[in-house]
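What follows is a short report on a single structure.
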Amino acid sequence: MSLEIVILAAGQGTRMRSALPKVLHPIAGKPMLGHVIDCARQLQPERIHVVIGHGADLVRERMAADDLNFVLQAEQLGTGHAVAQALPFLSAEQVLILYGDVPLIQLDTLQRLLAQVTPDQLSLLTVDMLDPTGYGRIVRDDQGAVQAIVEHKDATPAQRQIGEINTGILAVPGKRLADWLGRLSNDNAQGEYYLTDVIAMAVGDGLVVASAQPLDAMEVQGVNDRMQQAQLERHYQRLRAEELMRQGVTLLDPQRLDVRGEVSVGRDVLIDVNVVLEGRVVIEDDVRIGPNCVIRDSVLRRGAVIKANSHLEGAELGEGSDAGPFARLRPGSVLGARAHVGNFVELKNARLGEGSKAGHLSYLGDAELGANCNIGAGTITCNYDGANKFRTELGDDVFIGSNNSLVAPLKIGDGATTAAGSTITHEVPAKNLAFGRARQKNLENWKRPEKIRK
């Protein structure tokens, strides 16, 4: 059956106390609406319609994509009214309705929900709660068939004792939806057009109302304030941590890991506390990551070691290489096999060949180093003249003395050496020793200045 999806994302989110539309607040570094859209895409619908209202322009700008149709709800008159705004664009046999502030919904749950939809049967997602206060109750008859959904403010005392609640997520036969929405009334305590009223209409029309429940109740937890946002964040991170551990990762404290993207891991990986993984991160077998590291869009090859307090972005570490502590590898940084970058070393668009080392206190930008090079402490590649960037190229087995300034564009040949304290401005041929510093002078009988007495 053909499928279209409507995502309701028009709410203001006043309890968030924020200028940012609620659905753009993040879970794991991604807007809540982004999580819902990603899940919806896995169902391969013909189209996804996003109903927007408060902050509509910003939501459209942030989430724009070719497969999304944004529909404006100028006035927020209830969920039924919101879905009605998408009606002119709907033609599929099935329509699935989701919510932009329910970010943890899972594909398996939605597939089970949709499997129950036929031309004469709709399906809604429910969950049992110990404290259902504030939620719409699922009213069933003596045989257990769903009869209606009653919102909390409209419920009788007896109905408020019901623990099964409406999540708002439902799937309906597309040909029936327009008729039901056209019959909605706002004669209720909220003065709104409730989408949930279509359940009673469906029953009255002789349709069967099926139901499904998520395996994890947190899947359908919505976000109305920052506390709920934090709860979902921690729940999401716990799930990701458990997933990594099942794949062979040792987490020294699963509660102190943040995953904010797509992570691929090998076996026998060890991750210390307070590590943040962002974007697309590939971690191969036997990698070790120390505490307080941030790793974004990077590849860590087999046996690589990241020591404490290091920051990697757009970097690749070869087999058996290591970085840190306090190393910063910016986009385009590549360490060859067994290469080493030590404390307070920054790389940017720089490649270190196999076995090369930059032990400490150096900046290497727009540089290409061959194999088995040694970079002395305090070395800087001077790659920018105020207008353009230039490259520094070192051959194999180059030894750079401490406190060197390598002024690009510059080439240093295989086996060359530069003396400590040098400013190197011209090409150094292979196996040459280059000095680029003032000759030392010693002044005899030097007397230190004395303080002036007043």
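Heads up, the Cβ atoms here are built off N, Cα and C, so glycines get one too.
Since we're looking at a predicted model, the values are computed, not measured.
Per Swiss-Prot, these features apply:
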- 1-226: region 'Pyrophosphorylase' (REGION)
- 8-11, Lys22, Gln73, 78-79, 99-101, Gly136, Glu151, Asn166, Asn224, Arg330, Lys348, Tyr363, Asn374: UDP-N-acetyl-alpha-D-glucosamine binding site (BINDING)
- Asp101, Asn224: Mg(2+) binding site (BINDING)
- 227-247: region 'Linker' (REGION)
- 248-454: region 'N-acetyltransferase' (REGION)
- His360: active site, proton acceptor (ACT_SITE)
- Ala377, Asn383, Tyr384, Ser402, Ala420, Arg437: acetyl-CoA binding site (BINDING)
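Asn224 (Mg(2+) binding site) is 11 Å away from Gly100 (UDP-N-acetyl-alpha-D-glucosamine binding site) when you measure Cα to Cα. Using a 10 angstroms CA-CA radius around the residue listed as 'active site, proton acceptor', the binding-site residues that qualify from Gly11, Gly78, Asp101, Ala377, Arg437 are Ala377.
Gly78 (UDP-N-acetyl-alpha-D-glucosamine binding site) falls outside any helix or strand according to DSSP and counts as coil. In this structure, the CA atom of Asn374 (UDP-N-acetyl-alpha-D-glucosamine binding site) is 23 Å away from the CA atom of Tyr384 (acetyl-CoA binding site). Note on the region 'Linker' (227-247): residues 16, 25, 27-28, 103-104, 218, 221, 254-255, 257-259, 263, 265, 267, 269, 271 of its chain, located 6 or more positions outside it, place their CB under 8 angstroms from a CB of the stretch.
Under DSSP, the residues of the region 'Linker' (227-247) split into helix, strand and coil as follows: 20 helix, 0 strand, 1 coil.
Within 10 Å of the C-beta atom of Asn374 (UDP-N-acetyl-alpha-D-glucosamine binding site) sit 18 other C-beta atoms, taking all shown protein chains into account.
Sequence-distant contacts of Glu151 (UDP-N-acetyl-alpha-D-glucosamine binding site), defined as residues of its own chain at least six apart whose C-beta falls under 8 angstroms from its C-beta, comprise Gly136, Asn188, Ala189, Gln190, Tyr194, Thr196.
When the binding-site residues Leu8, Gly78, Asn224 are ranked by how far their Cα is from the Cα of Ala420 (acetyl-CoA binding site), Asn224 comes first. Looking at the residues that bind acetyl-CoA per the record, Ala377, Asn383, Tyr384, Ser402, Ala420, Arg437, the two CA atoms farthest apart are separated by 22 Å. Between the binding-site residues Leu8, Ala377, Ala420, the minimum number of other C-beta atoms within 10 Å of a residue's C-beta occurs at Ala420. Nearest neighbour of Asp101 (Mg(2+) binding site) by Cα distance, taken over the binding-site residues Leu8, Gly78, Arg437: Leu8. Asp101 (Mg(2+) binding site) is surrounded by 23 other CB atoms, counting those within 10 A of its CB over all protein chains shown. Ranked by Cα separation from Tyr384 (acetyl-CoA binding site), the binding-site residues Leu8, Gly78, Asn224, Arg330 are led by Arg330.
Of all the binding-site residues listed here (Leu8, Gly11, Ala377, Asn383, Arg437), Gly11 has the Cα closest to the Cα of Asn224 (Mg(2+) binding site).
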